[in-house]
Amino acid sequence: MVVCDGGYYHHVTCSESVRLVDGAGLCSGRVEVKSNQSWASVCEADFDRQDAEVVCGELGCGAPAALQGGLYREGEGQTWDKEFQCKGKESLLLDCDTSDRENNTCLPGNAVGLTCSEPDDVRLVGGGSRCAGGVEWYDQGEWSTVGAADWGTTRMFLSAVVCRQMGCGSTVSVLPGNTTGGIGVRCSGDDSSLRECWRSYDLLPGLTVICSDLLVQPDIFLTDPMGGVFRGHQGPEMFRGYNFTITCSTQPQYPGGSFLLTFTGSNRTQTQPAVNHSAAFLFPAADDSHQGTYSCVYDNYVFSHNFSSESELLSLAITASPLPAFIIRHVVVLLTLLTAITTSYLYYKPTRRQKRVNRVSSMDLYVNAMEMVSLSSRSEAGPGEERAAQGTE
């Protein structure tokens, strides 16, 4: 039913054959079908998802989100006595085929309830974020600017509905828009979407809405150059003594800003400016004090307000390495040298006179590499370990 009030009307999609009642808005409630000038509930067994798609489309709502018997309270009238057999493409529910119900009874609590998603018919444009910009409404096949009559409660109520419908939090500010020919909309503040607000044909000044969830959620990830991180049962684990890096990044919405790296269970925090929308926090050697939960908080000053957004949590465990770090480094050096020797042999085919020289050269490289490893091990080992090594020699 269209409700008129002076120059305004309630902008709803009307249907003379189906409705959703006792729900939170126009797109949710108990399914009722008009039968012989009265409304009848529909039994859950007679209604499936394809039927729901037709109902949601007929009412101008989004796709079905929930379909369940007893989801909303029972109706007081009669029960529809047919089973719907929609294909999902029909424009009206009564255009669908029907068949007689196998069981003529519908037990209490089985009246089908339907929740359709809100239509994707509102957007904010020109603000660098889906949660900021000029308000536009998709109506009758085109996007139109939305305006309001004054700068008082009318615009605040309208902006509150827009931010809530788009899942962008609450209103931070409402600014004059760049257009003067916006469709007049008036909301009560409790409406779940603009479709439930009143609308007029008067052309009013447009408006720009800034919502609290302006910034997208930043990302956080862990890297290390030495292969000391691995995936454990509870998340990433880091070998003790290895260096690692925690990187924070965000999508390129606005220039500047900074990243705050927080560490749960400690007052220790680090802050770095965002360079190319990211920041890297370096840790030279992992120890038990680094074990815990980290998060990135991105802060930026936009539209004369401070905004922040926090990443998901990153839990890091520190564990003992199966081998000392210096031993692993020596093994890497040896493998690199042996690879170089093998590569040289394969790429250069020596003559008989060169073979003896090449064998000597290869042996010299190997002996030199072993001496480097021995000297490096003694310099990194403790006094007791060095004496033990000398005794072995």
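We number each residue from 1, going along the chain as drawn.
Each Cβ is built from the backbone N, Cα and C atoms, and glycine gets one as well.
Of the cysteines listed (Cys86, Cys116), TrEMBL assigns Cys86 as the disulfide partner of Cys96.
Averaged across the domain 'SRCR' (122-197), pLDDT in this predicted model comes to 84. In this structure, of the disulfide-bonded residues Cys86, Cys96, Cys187, Cys197, the smallest number of CB atoms within 10 A of the CB marks Cys96. Cys197 (disulfide bond) and Cys96 (disulfide bond) are 31 Å apart (CA-CA, integer value). For the domain 'SRCR' (122-197), the number of residues in each DSSP class (helix H, G, I; strand E, B; coil) is 16 helix, 33 strand, 27 coil. On a Cα basis, Cys86 (disulfide bond) lies 36 Å away from Cys187 (disulfide bond).
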